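Undergrad: The domain 'THIF-type NAD/FAD binding fold' annotation in TrEMBL covers 6-440. The ATP binding site feature in TrEMBL is assigned to 26-31, Asp50, 58-61, Lys74, 97-98, 119-124. For Cys160, Cys163, Cys439, Cys442, the entry in TrEMBL reads Zn(2+) binding site. Feature annotation from TrEMBL assigns domain 'Ubiquitin/SUMO-activating enzyme ubiquitin-like' to 450-533. Residues or ranges marked as region 'Disordered' in TrEMBL: 542-661. The feature compositional bias 'Low complexity' is assigned by TrEMBL to 559-573. Summarising the annotation, TrEMBL assigns compositional bias 'Polar residues' to 578-596. Residues annotated as compositional bias 'Acidic residues' in TrEMBL: 599-615, 650-661.
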Amino acid sequence: MAAQIDGVFETGLQKKIAESKVLVIGAGGIGCEILKNLVLSGFQDIEIIDLDTIDVSNLNRQFLFHKEHVGKSKANVARESALTFNPNAKIKAYHDSITTNNYGVNFFQQFSLVLNALDNRAARNHVNRLCLNAGIPLIESGTAGYNGQVELIKRGLTPCYECFPKPAQKSYPGCTIRNTPSEPIHCIVWAKHLFNQLFGESNEDEDVSPDTADPEAGAEAGNAALEADANEKGNVDRVNTRTWAKQCDYDPEKIYNKLFYDDINYLLSMSNLWKNRTPPNPSKWDTLQADEDGEDAIVEDSVVRDQKVLSLGQSAKVFAQSIKSLKDAFAKLPEDDHLVWDKDDKDGMDFVAACANIRAQIFGIPRKSRFEIKSMAGNIIPAIATTNAITAGIVVMRAFQVLQEEYEKCNTVYVRLRVNGRNQFIVPESEIIPPNPKCYVCADKPQVLLKVDTQNLTVREFRDEILIKALNMISPDVTLDGTGTIVISSEEGETDCNNEKKLVEMKIVDGCILKADDFLQNYELSITILHKEPGREEAPFEIVADPDTLKPKEEEQVADSSSSTTAVGAAGAYDDAQPSTSKGLNGSSANGSKATVSEIEDDTDDLYIVEDDDHEDRPCGSKTVEKRKHTSDQDVEPTNKKAKVSHQQEDDDDDDLTIIE
């Protein structure tokens with residue numbers, strides 16, 4: 001290995017590499033490359049964590065995995081493959097989620113540095129907060145197509161991952177797309193994949209049929225349905241989607257029944273998937289014919305149609321019409337040619353919008369207008385193996401500089417497809433950007449202003465949509481400053497009676513200050529409430545991370561233009577896709593309109609002692625709170641706090657763990 005060969009590295013760095021302990025989070029496209037680079041560079045003590053299992057679609061870009069590894073833990077297999085490069089290395093793998101409360105500040109403090117290789121914003125936020133609290137340097141990385149980015153996160157020196165807004169995240173697990181969609185975007189991705197399967201450039205990674213390899217479905221997934229489809233020899237005759245569609249002459253009724261009735265029934269046979277989910281409701285073409293007239297007539301005006309959310313019957317009609325048009329266009333092409341989906345092509349866009357809304361209806365997901373679907377459908381970017389490799393190489397080069405404490409050299413680096421004016425495609429920033437002094441995560445006294453309708457927002461919506469989704473908390477406790485009233489408690493059931501109350505009923509009105517605390521993340525936040533009744537087209541709430549933005553307009557004109565602000569609006573537009581470490585913010589609101597959101601998780605040592613107050617006039621949860629923080633590893637871990645998180649339990653008892661690509 002490089003660090004074991006004299007002369008490859010200078011003596012000081014060679015020693016630090018050999019003595020350091022590194023945590024790699026994520027064993028996907030970037031994580032595999034990072035692990036390989038670390039082992040070949042001579043790092044001896046490495047731990048890697050990932051919750052995912054290997055899918056066939058991973059094999060074209062995650063080179064530590066092979067066909068025989070499909071279905072196995074990414075972290076475990078990555079460890080085994082990396083050890084073939086250096087059997088003397090000490091590599092520990094965890095098949096688990098980094099966002100569980102098993103991995104807190106004390107866990108992170110054992111490492112020299114942490115290398116993030118995640119594609120999940122919730123986990124990124126979680127790791128960001130843990131590394132900040134543990135005082136451990138974090139090297140964050142991400143790719144989007146041919147673009148990549150690597151940045152150092154160190155408290156007091158660089159911006160943290162949450163200092164600035166983030167664009168919407170665009171990667172989705174294949175099993176979620178094929179088996180258990182829960183958001184409109186999942187249905188839109190599925191519909192685009194279906195277009196390619198029927199008319200476009202077919203890709204095995206874009207299969208739209210039920211995924212029996214889904215680890216959550218269980219080993220016997222779909223067996224009953226397979227047996228029903230078996231021929232007289234006991235085998236199942238399989239043909240690809242396009243071949244089957246050609247055989248039935250692209251008959252809309254047959255395709256509809258196959259996709260939205262037969263395949264959905266197949267999914268229902270995977271009973272494990274629906275133990276904790278609402279099962280889908282299959283839809284059959286025959287049942288739609290009763291709705292042919294009346295309200296299901298298709299609106300012809302293109303502007304009105306784009307803004308209208310179509311019913312199931314209307315979507316089925318658009319589905320049939322678009323298939324006929326696409327079939328005719330496809331037939332005119334040369335033998336080996338195919339259609340290319342374009343959001344500006346009417347028939348292609350109609351097909352995706354119709355399929356997405358039909359699938360959404362089946363899974364109980366809110367349907368969207370054609371305009372909204374068009375806005376979202378253009379933001380899906382493929383993973384490129386070369387970009388992952390380049391980005392991972394930069395990550396390890398930055399790791400060398402961090403070990404030598406050469407932080408002034410750790411500028412953020414961007415990987416681009418085309419060279420810039422200085423003939424560079426690997427482009428470092430000219431200087432290290434300082435942290436955002438108004439950041440609601442890494443500032444000395446994190447605080448935000450919340451503009452919200454206190455007369456209509458419930459405590460439950462405040463917790464779920466604002467604290468957890470928009471402000472990235474996991475297990476929040478909230479008290480009303482000055483009174484000690486407990487508004488929200490992380491103790492299960494303690495403040496459930498407050499859930500449906502409006503904020504105003506809890507005496508939370510304009511000018512009130514709430515103290516929010518997440519014991520899992522060792523994170524405290526002061527929230528100043530500003531009552532605002534949103535207009536019809538306005539977001540239901542807005543989070544402002546810089547109080548200076550509330551100055552009168554005449555003051556704003558002379559204010560320092562360099563002051564940084566972060567506004568989180570619940571009706572945000574869909575941003576262009578960027579590498580996942582790019583600055584941006586994203587979320588959703590209580591009424592379903594888009595907002596800025598992220599979810600995270602963490603483990604810390606906060607302990608609460610609650611003293612009951614028998615005053616009859618106080619609402620449920622009205623207690624005074626004294627908070628004590630543990631400051632050493634010897635302090636007792638809290639056992640009465642229950643993290644509002646869930647993760648899949650593994651059958652084996654080893655210490656393996658996994659996270660996300």
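Using N, Cα and C of the backbone, Cβ positions are placed for all residues, glycine too.
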Undergrad: Fill in the CA-CA distance, Asn120 (ATP binding site) to Cys442 (Zn(2+) binding site), as an integer in Å.
TA: 20
Undergrad: For the domain 'Ubiquitin/SUMO-activating enzyme ubiquitin-like' (450-533), give the DSSP counts of helix residues, strand residues and coil residues.
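TA: Computed counts for the domain 'Ubiquitin/SUMO-activating enzyme ubiquitin-like' (450-533) are 19 helix, 29 strand, 36 coil.
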Undergrad: Do you know offhand how many angstrom separate Cys442 (Zn(2+) binding site) and Ala123 (ATP binding site) by C-alpha?
TA: 17
Undergrad: Other than Cys160, Cys163, Cys439, Cys442, which residues of the chain come within 8 Å of the Zn(2+) site, judged by Cβ distance to the Cβ centroid of those residues?
TA: Leu132, Pro159, Tyr161, Glu162, Pro435, Asn436, Tyr440, Val441, Ala443
Undergrad: Spatially, and counting Cα to Cα, which of the binding-site residues is closest to Gly26 (ATP binding site)? Options: Cys160, Cys163, Cys439.
TA: Cys160
Undergrad: For the binding-site residues Gly26, Gly29, which one has the sparsest Cβ surroundings, going by other Cβ atoms within 10 Å?
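TA: Across Gly26, Gly29, these binding-site residues, the one with fewest Cβ atoms within 10 Å is Gly29.
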Undergrad: What is the interatomic distance between the Cα atoms of Cys163 (Zn(2+) binding site) and Asn60 (ATP binding site), given in whole Å?
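TA: With the alpha carbons as reference points, the distance is 35 Å.
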Undergrad: Could you say which of the binding-site residues Asp50, Ser97, Asn120, Cys160 has its Cβ with the most other Cβ atoms inside 10 Å?
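TA: Per the Cβ count, the most surrounded site is Asp50.
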Undergrad: Measuring CA to CA, name the entry from the binding-site residues Gly29, Asp50, Asn60, Ser97, Ala123 that ends up nearest Cys439 (Zn(2+) binding site).
TA: Ala123
